[in-house]
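The structure under discussion appears below in the form of structure tokens.
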Amino acid sequence: MASRAPLRAARSPQGPGGPAAPAATGRAALPSAGCCPLPPGRNSSSRPRLLLLLLLLLQDAGGQQGDGCGHTVLGPESGTLTSINYPHTYPNSTVCEWEIRVRTGERIRIKFGDFDIEDSDYCHLNYLKIFNGIGVSRTEIGKYCGLGLQMNQSIESKGSEVTVLFMSGTHAAGRGFLASYSVIDKEDLITCLDTVSNFLEPEFSKYCPAGCLLPFAEISGTIPHGYRDSSPLCMAGIHAGVVSNVLGGQISIVISKGTPYYESSLANNVTSTVGYLSASLFTFKTSGCYGTLGMESGVIADPQITASSALEWTDHMGQENSWTAEKARLRKPGPPWAAFATDEHQWLQIDLNKEKKITGIVTTGSTMIEHSYYVSAYRVLYSDDGQRWTVYREPGVDQDKIFQGNKDYHKDVRNNFLPPIIARFIRVNPVQWQQKIAMKVELLGCQFTLKGRLPKLTPPPRNGNNLRNTTARPKLGKGRAPKFTQVLQPRSRNELPVQPAETTTTPDIKNTTVTPSVTKDVALAAVLVPVLVMALTTLILILVCAWHWRNRKKKTEGAYDLPHWDRAGWWKGMKQLLPAKSVDHEETPVRYSTSEVSHLSAREVTTVLQADSAEYAQPLVGGIVGTLHQRSTFKPEEGKEAGYADLDPYNSPMQEVYHAYAEPLPVTGPEYATPIVMDMSGHPTASVGLPSTSTFKTAGTQPHALVGTYNTLLSRTDSCSSGQAQYDTPKGGKSAATPEELVYQVPQSTQELSGAGRDEKFDAFKEIL
């Protein structure tokens, strides 16, 4: 049929598994611009007219015809076509005609990615014509020419058939054209030359036509890291495995900030080159079905991997070497699987235990520098039962798909299945190899569910040379392939295929979109283990919290409850139980303010001293004799012990002429504060007679005043006959208090308080304490 002719143009005749060079047949018939010059004086338009007449005679062949056809892929829904030698200058006196057909009832949309045809003769000899229909009944849509012509508007046909005619005469410049087409409902059609710079949105979806694997284009990057912004979108989509070169398809693009470096890799017959810093990059949104299926991770067990034969031999050191099927695990150290025989009937088979969705395959060679073996081309077969096998083909193509393999012994090469394979068994059949058949494999895909199941590939019946009839059937009962144990004799190098001179270096291809699929047991363990860990952790936390709460409750019940204590009084009592700071015994004498003490009677003072221990003299606890350090009556320095503030023991306003703390006297001789002398022997309420006591430090030559118990406190008189006063006395007083009124032998102010006033003062003093 004529609809298959474009595929013949896109795929030249080739050997087993050899990659096709686009439009090789058309290029072979191309006359050079300089090899066949026109005779002098003859009309230069005579040759194109003869070629046009030849095309009319060959119309029944369909597809593309002529010597002016360039890169061409005409698919059932979309395609791409270029003039010969594009993007370089097309030759003189060439002609090409393309016949495009889509499904009946559909219309065709044509869009130009580049148009550069010389118009020096006003489209007389150099032009491009588009017709509705095919054959003699076709009608012209338009005739186009011009250098750098911007054809932003697409051209639409009236029916499902279109003819495109390119004609060139004598010209000096012009690249020709590149055009893409699709059915009319693909409104977001783009051409194979579009890049992200043609779009302003950070995310968008477009339709790529078939045939965007351009021989002259270049991409940089890989999936999933991203592609450089200069890369053509559709060609990068073929490399990533999201669209097919034969079918085209929809792509979803996400633009992000660029990176300083872009990796190189080989995938789907597209080699991406190393790229450097760019302003932006783009990635593809995919279904996520690109995880590894278990060859590398070990989810696929050794008995599930079989082969037609295995290479086993004993080397000159007597060591046995076995390159069996289970060694064909990608990225596993050690030797690969290698076939004992070297023919096209060898295979490596993988059993997935159940049907899965297989979207790709990654292969590598022997990975051993001393054994440079690899498979350069192979077929892929699939089966549901391991008995009836189907060779993978692309939709609409009546030939087996030959996948490009490795070009060296250590680089990974990825190939994607578009559409994906739904099967349990996968078999790899090498058709070309270097020296020996040796490879490591990993399958890409995901779990398959019956909901939304894709139809299986059902290519047309094969002829008599079907691989199914010539390939050994696997022994599923034993689960192992036959082994050959005889010693391998070295073969001469002239019997081996010649290694290609040109090699393409590709880095490791990483497909990390989806985690590897696992079996039911592994999936069950992956669910149960986290649940058990969380349950045990919760139980331990509950026990720890209960133990902590119980201990805290016990401590709370045993603690002292002091809600009614006054904070200042409680702290003063606690200070007596704490060791005092060691201070120098020879402190500077201080003046002690007795303005408030003068208002207290002997009974009141005795009560206060019984309720609150002395501030400056610490009693001995439990009758133990010890040395108590002296307390200082100086005003504490600011900033020192900021967290502690000692309350005023009298807690009453002071007269303005005095300080809140005792201040040192500016005298040379030693002075001491007036002692507080108590005579408890005559107190009516006292049950035990107490001698007179003093809480102040004695002179330096006297024994320490606080050695022993409270029964040995010192006292002294208020006599001041010497030239220097030994105790501080108030100045400016008019009269002194009588001994009958006060027990303390201290100076008093001129104004005496009445008995009622003193009682009120003492009540306020007790309330503050």
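Residue numbering: from 1, along the chain as shown.
Even glycines carry a Cβ here, placed using N, Cα and C.
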Residue carrying N-linked glycosylation site as stated in Swiss-Prot, selected out of ASN43, ASN511: ASN511
Of the residue ranges 1-26, 131-156, 339-364, 365-390, the one that Swiss-Prot records as region 'Disordered': 1-26
Local confidence of the topological domain 'Extracellular' (64-523) - pLDDT mean: 85
Composition by DSSP (helix, strand, coil) of residues within the domain 'LCCL' (184-282): 11 helix, 38 strand, 50 coil
